[in-house]
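Comments concern the structure below.
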Amino acid sequence: MAAPREAPERRPFGRRFLTDPARLFQHNAWDNVQWSEEQEASARSKVQENSSQLLPQDKQEEYEVNAKRYWDDFYKIHENGFFKDRHWLFTEFPELAPNRNPSQNGDSVHEFSNKEESNSEWLGSGENGHCSLETRAENELNLIKSTPKICSEELATQKYSELNRSGGGFPGSSASCRILEVGCGAGNTVFPILQTNNDPGLFVYCCDFSTTAVDLVQNNAEYDSSRCFAFVHDLCNDQSPFPMPDESLDVVILIFVLSAILPEKMQSIVNRLSCLLKPGGMILLRDYGRYDLAQLRFKKGQCLSDNFYVRGDGTRVYFFTQDELHDLFTTAGLEKIQNLVDRRLQVNRGKQMTMYRVWIQCKYRKPAAPQL
């Protein structure tokens, strides 16, 4: 018999915001809101209704085949103005800047609740130890500088193969701390990390399915090719290698990206990312939770399968439970550090709207190598 699940984790700071009217008026957000049985039943009913009519199989296949084009179109339209830089990262994920003074953040938790993934227009229209080998470091820097502005998936694979054959290492091979963000978009996670984490041994990789998104990252004034390597990568292609070897990464970041993938492909993707982690390395995830406002706003005819929908712009989204994510990560051999549900009530006073957002945040670690 399966072991019983642990009770959901709750945020220790949630109650503070409920007792400070001035802060509530300023930020228009309540943290860790508890739902009544009636609210949960209502949400469940809405999901049952909007998922009662599935898209025909041929249409579903079309969205899968053309997924890259839909995301390219999304970034061509929104460029880097849609998502805000995620300075809340270092409150939620202090592992990304371990030497950082927490007071630098200000009230970053509420910055998250007001900005991250809460763009009402989109909701309305869419849902709708350092290496001392100086020569290696120099070779690596020369390689990165010689790489064309857009590193296509094929070119990244070719460069990686050439480096392995020549014994020249790989981009970031001389770094002591390596972070990969998967689904980097326009760089709104990558650039806060590069600006905030001043570890001289840090190297950040970032990839996206969309060539347009990677172009936005590489053309950003903050892009520093001596500390960062952006490349196009299709997570769903098991034959597409990453430009770094297995067991080379300290952290993998997944922020609102796993939800965009066909559910039946999620496990193989998490397995591959787990292989990239060093023993003791971590996957950090933030993504949509079941019964989030975005899920409830979908209409009939936009559902692809259980809790998986297509937006009006052709991009897709899945809404997770804690147990589903726990199973994905533990099946990949990772151990739980954190798995919590974050429910927020946001109030748009100008439009007299209340919005219940539901996100899930996870930290899962690769077991450390056994002591000999």
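Cβ from N, Cα, C; glycine included.
Now, the feature entries from TrEMBL:
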COMPBIAS  108-118  compositional bias 'Basic and acidic residues'
DOMAIN    180-283  domain 'Methyltransferase type 12'
REGION    98-127  region 'Disordered'
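As a summary of secondary structure, the domain 'Methyltransferase type 12' (180-283) carries 32 helix, 29 strand, 43 coil according to DSSP. In the predicted model, residues of the domain 'Methyltransferase type 12' (180-283) average a pLDDT of 93.
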